[in-house]
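Okay, so here's the structure we're looking at.
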Amino acid sequence: MSSPSLAKIVRSKAHGGAGVPKRTNTMPSNMMTVLSRIKVDIPPNQGKGRRRPGSTRYSYMSSVSQESEGSKPAFVDVEEEFLHAAEFGDIPNVRRILEDYADINVDCIDALGRTALRLAVKNEHLEVVEVLLEKSNQHHIQEAVLQAISAGHTQIAETILKHRRYLEMWKERRKLGDTDGFYKTAFPDSQFSPDITPLILASQKNQYEIVQLLLLRGETIMKPHKFSCACQECRNKMKFDQLRLAKYRLNAYKGLASEAYISLSSKDPILTAFELAAELRRLSRVEKHFKSEYRELADQLSDYVVKLLDRIRTQKELELVLNKTGKPHQEKFDSLARFKLALKYKEKKFVAHPSCQQRLVRLWYNGMGKLERATWPKRLTMIALFLCAYPFLIFLHVLCPNTKAAKILQYPALKFVCNAMSFFTFLLLIVVSTIESSQTVSKYRTLRSVYPDRHYVYTLFCNATAGSYIEDLPHDFPLRPSFPTITELLLTAWIIGMVFQECSQLFHHGLMEHLQDFFNLLDILLITTYIATFTLRFWTMYKFHASLAFLSYEENIANERKMLESIYWLNTDRLYWSPTDPINFLEGSFAVANILSVARIAYLLPANEILGPLQISLGRMLKDIAKICALLVVVIFAFMVGLHNLYWYYDERDDIELDYPGRPIVNDVNAQENFGGVIASFRTVFWAMFGRGEPDAVKLGGYNNTFTADIGYFIYGMYNIAMVTVLLNMLIAMMTRSFDLIAEDSDREWKFSRSLLYMDYISYGGTLPVPINIIGAPKAFFKMLFCGCCCCGEKHPETEDLDEDIEDESPMYSSRNRPIQNGRGHVGKQGSLDDPRGYAHHNNHHLETTEVNGKVNEAFDGTPTKPSRKMPATMVEVEATEDKLTYQQTMQRIVQRYIFDIQREAEVTEDDFDEIKQDLSSFRYDLLNQMANKNIVEEELKAQMATILAQLQSLNEELLGKDAVKTVKNFEKKADTSRLRPTDLNIPVTFAPGSPEDIDENPETINEDPEKEEQENEET
């Protein structure tokens, strides 16, 4: 064999080695033996034992192990090495162990109970997870996907959810009907409750990609039954495990209340959030042990709705959102319907949002835009001019209600001004009536002076009954009021108007909704008190005239009972009155009604930015007083009973003690006055609470009973300490805390109260104030009677039940738990964040903001229109055509903006650094395995070169003799003194500086001239 052929064979052997890449140029023949001198630089800690967290043994990397191939480690060491490799992402070692040890338990655990799959998921080693999924059991796969979702490893979670093993397991559970996992077996080493599903956990963590993937697959979160549900399923779950049932309900609501789940599953996220928040607040009042958790979820939903409002950009989008009503798929609108729903559910953050307040104020000054920006002198001037023209406008409204001038009275701001003026006029009449009450009776207006003929009959009756059992009657007496004053008649007209107004509100709003407002309850109490007052007033006047008529006939003198009754109803001298006289009752009720009337001013205070927050703080303090009064009553009752039991004898001593000559007279027994009776005891302890008690209230005077006196002093002192020092100071602290809480959210609380006030005047009706509304009472009554019968259940557009479709169409009740469908009714193909709600935007022109028809604009502006029997006045049906912006498109835009902003605002957290750390760890082990493979290639090449050189030497000895042998030895000597460059093999190899194997740069050692090298080869 010729030498060129040998060189060719050597080159082919060198390039055919495992792990050595090919080169484009030909390798010089004199560098073949340099392979035997190459040494790879391996880190000093490679091959040494490394202790894993939670491990009790050392594990070794087999790829860099110094053990021989024939000696295998113990099986426990293999499991430890397997767990170590899975934890740190050593994918080559994981594969090698799975291939070499087919019987290894893939689900083996470390000292902390973690499997290899869980360690790989925890450290985010995707390749290791893909390998282990094929061999792990179903329970650990379920745990792994939940752990990935909990840790925020989206890519790993998606990989597991799309894996064949998981899909088979999911289909099997679906076939068995296991939808909620309530009865699933709980493993002791599991980190998650058995009822936690990937969708619930992803929703709680707001993992939008995972939630969308699961929704597109058809998974949903089942809404729990009501807390009071008594169905068979709930009874079975209650018997199985009550605590698990409570936590199952809480976990389900956490998933349902998540921003990701509502955004991706609901067609109307705002309605869904409102309804679910109201349900959670009701549940927090029932299920006390999870009260704070449910309250937190409700607040989370309120914040979510506000975040959606922040993404509204145009006025048209705001109109569509605030005016939406009806079912989600219907383009049906009502003036501020969604805003009214927020007021009903007390979503204060939504109501106080600047966008909502801007729309509300715009509607408040509807038709009076200049008044909104005018200064106070101009406003007062415009209001004065309006009041001057008010009688003419009323006349025009009654005769021609559809004219443009008459509709001025329907402006909300003017309706508020008119009703406020009417109320203050009513208060003025009350003051005048109070002043006139002392002038209706006089000693100069007697029976003799006013009715002399009746006085003659009265004199005859007195003479006839002289000396009888009848007490002496006065010869004359002052008369009661006989006729109402003009002020009382005006007050009566006001009360009738208030009654009509209250009945109208009850008819439109319904009894239950009407009674939910505190001021409505105050109005009902106020009207009831005034009705009782004036009813008694007019009844006494009727009795006066009936008695006067009875005295007109002398023959009635024989009827003594009727004569005495007639004289009683004529006499105004209260010395002869019964304690239960109607005048006493009506004056008491009138005093209470006047106090309530003045307190009714608080209803108007939220219109002012300064007085509104103070009124809210006062209302909150009254609630604190009501709470503390329950405890005060208990303390007062306890000490009142105790002190009365101690001193009861001294109040009854006159009935017990015998009076005999020489018995000392005992006076100044203070305990008898203060605690002798039940009423006296209550009066004493009540006023002592305000510092009006006397220290000597328990003295016994001349009774030498020091023990009783000492006990009395002790009890009375303890009462003062408990009541004055403790409870009253606690009340002050509670009131201070309430004021501070209101001060922190004063702007939001004030805007919410002002919105309630504004909506009362923006709503339909109330055009004419009290008592002018009596003019339209007959017309409204007949309209309410006949139209109510004909329409049979139709409600006015302003009072339509806004949530009539909630139980049917809310995402928690209906099929809207499924992923959102596109315009053609098909689910989107890909759940990307570019289309987070699953819509197929094949018609981009649908998303353009266009002008809605005139009917919708009319409803948006709140301008009153003529009611129609087929369609309510402000409610219209809008067809979703291509050139109009629909509510669904608007909500889709808002949700997309919200999701994009959430992702853009996501900050770099510690988890991101941990992810980079794990990636570097995986890269390190990949690099170490590559370097170890190169070391193995080097050893193989050395062995092959040694074999070739031995064959070459024997061949040369046979062919060339001794001279050829000498030449070969010289060639071998040159090869030993040289070494191959790392770039010739195209592998990253390093050498330790200063080592004996350093490359000799002497040109005499390495021949770099190709021609000279070729000539030497030919000579050889």
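All residue numbers here begin at 1 and follow the chain in the order shown.
Each residue, glycine too, has its Cβ placed from N, Cα and C.
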Which stretch does TrEMBL mark as region 'Disordered', out of 10-29, 810-829, 850-869?
810-829
Can you tell me which recorded stretch out of 380-400, 521-542, 625-650 has the most Cβ pairs within less than 8 Å of the transmembrane segment (713-732)?
625-650
Residue counts in helix (H, G, I), strand (E, B) and coil for the repeat 'ANK' (112-144), per DSSP?
22 helix, 1 strand, 10 coil
Summary of DSSP states over the domain 'Transient receptor ion channel' (229-291), given as helix, strand and coil counts:
53 helix, 0 strand, 10 coil
Calculate the per-residue pLDDT averaged over the domain 'Transient receptor ion channel' (229-291) and state the result as an integer.
92
